[in-house]
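Colleague: Please see the structure below; I have some questions.
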């Protein structure tokens, strides 16, 4: 018995391994399956040639003698074997038989029936999109197919065991639920249906925090809902839960903690009070407004600080001034708002933000910024040695400080609530001036730095020295700030100017014997002239004579005469050369100078001296004394009636003229240059001759003051005899 059982089990295992395998004695005939249930197997086969009928036999491989036999005509090519045992393996043989009952072909397959039909214990819905089904397990079933049908539409789901859930359903909808068991052979018939309705859908909340202590909720109407239940609790578990039931589609919770995360749950219920799906949402309340806001002005920027507020993620500082709004965003508890405008009043508020929204702005705090730099600054010397600095009034400026720094490094300042300041100033300095306005916020920014250069100082140590009757040399000590000096000499309508960068000037072409007002003005490029300098009174001396005449009287004596010089009482005349000097002092307007060297160039000067001792040095054109007269003049007799005049030349390059004057005639002889004798032919004898040899020049008449010698020329027969020297003439001109 045990052996037979083991054999049967081994055979069953073989059969199970060969399920749906087709055994055919004739490869031209086969069968195939097209449906299997718990108690039926459906087959089909092709028409076999010569067959008049077909026979199908199903044999339970585990039970001896339990077979099912069915016959079919030749026009029937498919069949369903029923009344089979669920979850049982059958050997199915199909035979093609001719009209004589002879088997033409046969084939065999192994096939298991599906498990038994399950029975639903209960079907219910916990979620709006699903129904859960419970049933008792069916032997041999490896899985189950759940079907939810709504009219013509259905949804199927395969699960392993009970309970199973069909998903993807519509909320608040009645479904017919069936179940089928499945094994490797196929699926059972559907179980008797059960009706189940999905619960209501959850309300989809729109949540916001309109204020720091409230949360507002709203939702759309839910299909088949009779009412709604909403609960709210702090997410950290602190505090108590708040619950509200309502038939409306909006709700607001108040008296909540600011900046706190809350968990919200909401569901709808139907007319029977059955709750639907719930909707869970986390929502923060918006933060409370920050407290203890402090503002300060620092280096052109606004620094705002505050106490952090619960639940705030970021903060926005808003500084408003008229239409201008400046903002600063931060996650800390302080913020710098840059680029504030000067002389402005800002109203500063702080708003806290988190995911829920914003707090109310804090009460605005007023802040007045530093004043703007003063403008329209003017600088002037309202009087000598005093600077007046003035400017326009500045909005929100409480007082002003003016800093004045001179170019030597010294700095002074003035504090005032007015719009002007007075400072002492010195001549010739450049002052750098800046004006600041102040209020409680601090100092205004640096505006324009102005420089003001005072007029240069007046020259000191003034000295005036006469160079000549019409020329004064003026000197002074250099003064601070002067780039140029103008020396001005004024007398009546006559003005003489001299400009120079040096601290000295020579005024020429002055009117002699005149009282002048001489003023030296100092100039600078930055400020111009210092017109406050006092003049100095200087009288010029006397006038130089306009005309001066020199006449050579003898070879060593010259006469000088001149026109009267206005204002002059005494004159000193001087002829000067490298060979010596001749000087004469006189109260007259002429003078006779001796010791003059012939053939010499002299400089001629005259000093006109007034009664008070003022002296004018007058210079004139140079004077050249006449050429020197030759010496050693002698006469020699020539052959026949000729005479030779011989002399020693003072200058070998000089030309000389020889004149012989007698009662019987006058004779002149001019030899060529370089010769020291001259011949006169055919001179009458028996006469006394005056002989003069004088140098010839191209500058004037022949000299008349050379020595005159007297010679007697005797006759020897009709010819010249002896030449006898008689001495010098006494009729020489002096």
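Including glycine, each Cβ sits where the backbone N, Cα and C put it.
OK, TrEMBL features for this one:
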{"type": "DOMAIN", "residues": "114-201", "note": "domain 'Fibronectin type-III'"}
{"type": "DOMAIN", "residues": "202-288", "note": "domain 'Fibronectin type-III'"}
{"type": "DOMAIN", "residues": "289-372", "note": "domain 'Fibronectin type-III'"}
{"type": "DOMAIN", "residues": "373-457", "note": "domain 'Fibronectin type-III'"}
{"type": "DOMAIN", "residues": "458-543", "note": "domain 'Fibronectin type-III'"}
{"type": "SIGNAL", "residues": "1-25", "note": "signal peptide"}
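Let's see these features in context: how buried, what's close, how far.
Modeller: Averaged over the domain 'Fibronectin type-III' (114-201), the predicted model reaches a pLDDT of 95.
Look at the domain 'Fibronectin type-III' (289-372): DSSP puts its residues at 0 helix, 50 strand, 34 coil.
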Colleague: Is it possible to list how many residues within the domain 'Fibronectin type-III' (373-457) are helical, extended or coil according to DSSP?
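Modeller: Tallying H, G and I as helix, E and B as strand, the rest coil: 0 helix, 46 strand, 39 coil.
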Colleague: Please work out the helix, strand and coil residue numbers for the domain 'Fibronectin type-III' (458-543) from the DSSP assignment.
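Modeller: Secondary-structure composition of the domain 'Fibronectin type-III' (458-543): 0 helix, 51 strand, 35 coil.
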